[in-house]
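Database features (Swiss-Prot):
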type: BINDING; residues: 30-33, LYS51, 87-91, GLY415, 480-482, ASP496; note: ATP binding site
Amino acid sequence: MAAKDVKFSRDARERILRGVDILADAVKVTLGPKGRNVVIDKSFGAPRITKDGVTVAKEIELKDKFENIGAQLVREVASKTNDLAGDGTTTATVLAQAIVREGLKSVAAGMNPMDLKRGIDLAVTKVVENLKARSKPVAGSNEVAQVGIISANGDKEVGEKIAEAMDKVGKEGVITVEEAKGLEFELDVVEGMQFDRGYLSPYFITNPEKMQVELTDPYILIHEKKLSNLQSILPILEAVVQSGRPLLIIAEDIEGEALATLVVNKLRGGLKVAAVKAPGFGDRRKAMLEDIAILTNGELISEDLGIKLENVTIGMLGTAKRVTIDKDNTTIVDGAGAADAIKGRVEAIRKQIEITTSDYDREKLQERLAKLAGGVAVIKVGGATEVEVKERKDRVDDALHATRAAVEEGIVPGGGTALLYATKALDGLKGANDDQTRGIDIIRRAISAPVKQIAQNAGQDGAVVAGNLLRENDETKGFNAATDVYENLVAAGVIDPTKVVRTALQDAASVAGLLITTEATIAELPEDKAPAMPGGGMGGMGGMGGMDF
C-alpha cells in the first residue's frame, strides 16, 4: 500500500478551495449567451472547442492531489446535474463555487460547519419550493423552441428543429442526435413502431428500387419460438390466402425448410408473405413481442399462455395499415390496437421505469415506451469540419435535454433571474442558532452568482446588474445579456426549465455542504522513481582479449 499524505483543517480547506476555483473559473466563462469558448487539447486528433460546462469539467485533472480533490468534487456536481437534468452544468458549478467560498470563510471565522450545512439545506428547501410555485407549464411548440434556443446558446435553428421533432413524435417519443454527412441540419422522423430486424430473405422484397418489402393492410403472426416447418401453420396460411391480404411472420427464427417454403410460395404468387426475426433477447424479447401484439390488436402465440400454433385462428393475428421492411429495420405503421389497451401498456412501462435501478434497463424501457406512444426522430447535425460538427452536436444534446426538462416540470424566467428573485423566499427565515442563520445567508448570496456571471461574461458589472434587478422588484423583468437590455424575459423568449435550475441548486448545495464540513483530506504521496541506469557500455572490459586460456 502506497504511503499517504494527510492535511488537516485550514490547510486542507485552502487546498480544496484552490482546486474548486481552478475548475470553476475554467467552466464559468462559458455561461450565458455571451459566454466564451474553451479549447481542449487532445492527445490525438484536433483540439476540441466547446461551450459545454460538463465537457470542460471532465477534462480537468490537477497535479496537486489535494487541489484535485476539490476540482473532482465540483466536477461531480456538473456530472450529476447533467445526468439528472441534461443541462445547467455551468450554473451548478458557479453555485457550488459561491457556496464553498462563503462557507469556508465562515468556517475560518470559527462557525460550526455542521450548523452551517443545516442552514444551507434549510434555505435550499425554501428556494426549491419558491421555484416550483413560480414555474409555469410549457405552452406550445414556440416555448419548446425558445428553451432549445437558449440552451443552444442562441442557435435558432437548433431550437426550431427540436420543437419540430417533439411536435412529430410527441412528449414520449425518442429523439436521438447523430452526426450528418453534409453541412445542414436534417430531421428524420420514423412513424409507428420500428425495431432493428430486417427481412430474412431478399426474395421477400416487393420494391426492388428501394430494396424494401412493402405490405399494405397485412395480417401479422407473432410467435415466440422458432418455426422449423410450416405443417403447424398450414390452416392459418390457407385462411390468409383466401382473404387475399399479405402476411408478416415475426418469430424467434424461421429455419431452412420453413423459410424455403415461404419463399417458394411468395415467388409463385400464391401468398404475399414476409418474415422477420423477433427483436431483442430473453425476457426483453417477450416483452417487445407483447408490445407488438397490443399495438396491432393481435395475440402473442406463446406456449406459456397455452396457445399452440395448430389452434391459431385468423382472429388471433394482428393487423396494421402498412409494414415496411428493409435489410436492417421493420416499421409497423398504424397498428389496429385499441387505444385503451395501448394506454394501459404505456402506463405499465412507465411504472417499470420509475422502479428500475439499472440505467440500461431504464433506457430500454424508455425506447419501448416511445415506440408505443410516439415515434422516433433523428436530428442529424452537419458542419464544415469535424470540430464544428462535434461542437454543434454538444449544443444540440444540451438543448434536447433542456426541452425535455421543460416539458417535464415547466419553465421559469431565464438569465439566472429565477434564482435571484428566490432570495425573497428567504426573507425572515431564521435558523435554530446564529450559525444556521449564517448558512441561510450563504445561499442568499450564492443564488445571485449566476446572474452576476452572465452579466460579467457580457462585459457588464455583475453586482450592478443584480442590484438593479432587486431594486426594480419586478419578477418578470431580467437582464437579457444577448441584447444588453432589461426587459420581460419570458416575453423575450429567455426561459429556463425549472428542473434544470432546481437540480443545479440542489446538487451544488449537496457537494458544497460536504466540502464545508471536511476537516481532513488524505491523498497518496507521489512515488520516488528509482534513478535510471547510466548509459554506455561496461567500461574496463577491453583488456579481456589478452587473457590466456
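Cβ atoms here come from the backbone N, Cα and C positions, even for glycine.
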Within 10 Å of its Cβ, which one of these binding-site residues (THR30, THR90) has the largest number of other Cβ atoms?
THR90
Once the DSSP letters are reduced so that anything not helix or strand counts as coil, what is ASP496 (ATP binding site)?
strand
For THR90 (ATP binding site), the three-state class that DSSP assigns:
helix
For each of the binding-site residues (GLY32, GLY88, GLY415, ALA481, ASP496), count the other CB atoms lying within 10 A of its CB, then report the residue with the highest count.
GLY88
